[in-house]
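The block underneath contains the structure these notes are about, expressed in C-alpha cells.
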Amino acid sequence: MREIIHLQTGQCGNQVGCKFWETISGEHGIDQSGRYVGTSDNQLERVNVYYNEASSKKYVPRAVLIDLEPGTMDAVRQGPFGELFRPDNFVFGQSGAGNNWAKGHYTEGAELIDSVMDVVRKEAESSDCLQGFQITHSLGGGTGAGMGTLLLSKIREDFPDRMICTFSVVPSPKVSDTVVEPYNATLSIHQLVENADETFCIDNEALYDMCFRTLKLNNPGYGDLNHLVSLVMSGVTTCLRFPGQLNAYLRKLAVNMIPFPRLHFFVVGFAPLTAVGTQKFKTYSVSELTQQMFDSKNMMTACDPKKGRYLTVAAMFRGKISMKDVDEQMSMVQSKNSSLFVEWIPSNVKTAVCDIAPTGLEMSATFVGNTTSIQELFKRISDQFTVMFRRKAFLHWYTGEGMDEMEFSEAESNMNDLLSEYQQYQDATVEDAEEFLVN
C-alpha cells in the first residue's frame, strides 16, 4: 500500500491532528481503541494508507505526535482517542518554545529533533511503499512553526524523493495569540516555499468568519474551528483513503495542481456548511454544492478568488452522485466565470467522485484551488512583518537564540518574490505563457 506518515507538531498541530484522526477513524469504522467495527469492505480496502494493522487486529495510526512541552500530549492521551496512538510515537520536551520561532527551529527544537527522526524512520521502515508525509502545524507560534519547519527540512534531507504536504494554520491579526506572529509566519513560509511540495493554507480569520456568518455560532471556540479544518482534511484525503479514480496519490494531486514548483500554496473550501443540528433538515443538489464550494464565504483562507485567477482547481465530491452531473456543473462554473481561470492552462479543473459520504451528510464537496489571490494572505503577513522589522521590534528574542538579522531579510525578500510571482502569472496571457515554457 502507498502509506502516508502523519506528523502533528505544536499545540495547534496536535489539536487539529487529533480531530483529523477522530474524523477519519469514524469514516473507516475504527473505534476509540483501534478495533474495526465498520460494515463496508470499502472502509478497509485502503485503510493501510493511514493505519498500521497490529498483530492484535488493532489499527494504529501512522502518526507521530510532537511538542516541546508535555501539556498537549497529556491532553491527547486523556482525550477520547488517546488510546488509539502508539505510546512510543509521543515525542515531547519539557521547556516549550514560548512562541519563539528561533527556539523551535534552532535551540529547543534542535535538541529534540533526533528523537523525532528516529520515530519517523521506524514508521517509514514499517511501510511497504511510503508515498510521503503530511504535517499539521500552525505558522504563528514557536513549536509548530519553528520546529515544524525544522522537521520539514530534516525529512526532505532523509527522504528526498517522497512527497511532503502540510496543513498550515496561518495567523491572522483579528485572531492574534501573540505579537510576534508575523515574524514566525514569514520565517516559516520562507521554509515552506523551499521544502514542502503542497501546502494547504488554513486561516483562523476565515474560520471565525464562517462560524459567525454561516454556522451562526455566537461564541466559537477552537473546537469549532478544528471541526471545520477536519472536514477539509478528511475531504482532501478522501481520494488517498478510499478506492477512487483521480488524485489517488499525493504526487498525482501535485502534478495536477502545481504549474510552477514554488506556487504550491492552496486555498481550501468545503460544502455544505450547515449550522450544527440543522443538517438533517436540508438536502443538497450537485449544483448547490458546486455553487457553495466556489463561494469565497466557504473558503478556509481569507482571500477573495474573484480578485485573482485560478491556475488550477481540484474538487472532490462525496456521496451517491452521478459523474455526469458533476462534470456538467463544473463546466458551467468555468464557462460562466471564464475570466477567473487562466487560459494558458487548458484543462485546469479536475474532479473526483467517491461513493462514501462523510459521517452525518448525504453528500459533500471539497475544494482545492491554486489561485493567485492567495497573495492577499501573504501580503497581509508581509506588511505586518515589515512594520515591526523596520524598527527591529522584538528582534532580541530571536538574536538571543543565535539567529542573525540576515535571515529575517532573506525571509522577507523570499516572501516578496513569491508575491511578485503570483502577480506575474495572474497578469499573464497565452502569448506570455509561451515565453514561460521556453524559459
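The backbone N, Cα and C atoms fix where each Cβ goes, and this holds for glycine too.
Feature annotations, reproduced from Swiss-Prot:
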BINDING   Q11, E69, S138, G142, T143, G144, N204, N226  GTP binding site
BINDING   E69  Mg(2+) binding site
Count the Cβ atoms, other than its own, that fall within 10 Å of the Cβ of N226 (GTP binding site), considering every protein chain shown.
22
Report the member of S138, T143, N204 (the binding-site residues) whose C-beta atom has the most other C-beta atoms within 10 angstroms.
T143
Which ones in the same chain are close to Q11 (GTP binding site), with CB under 8 Å and 6+ residues apart in sequence?
D67, G71, T72, S138, G141, T143, G144
Within 10 Å of the Cβ of G142 (GTP binding site), how many other Cβ atoms can you find? Include all protein chains, please.
29
Reduce the DSSP letter at G142 (GTP binding site) to three states and note it down.
coil
For the GTP site made of Q11, E69, S138, G142, T143, G144, N204, N226, how many Å separate the two farthest Cα atoms?
23
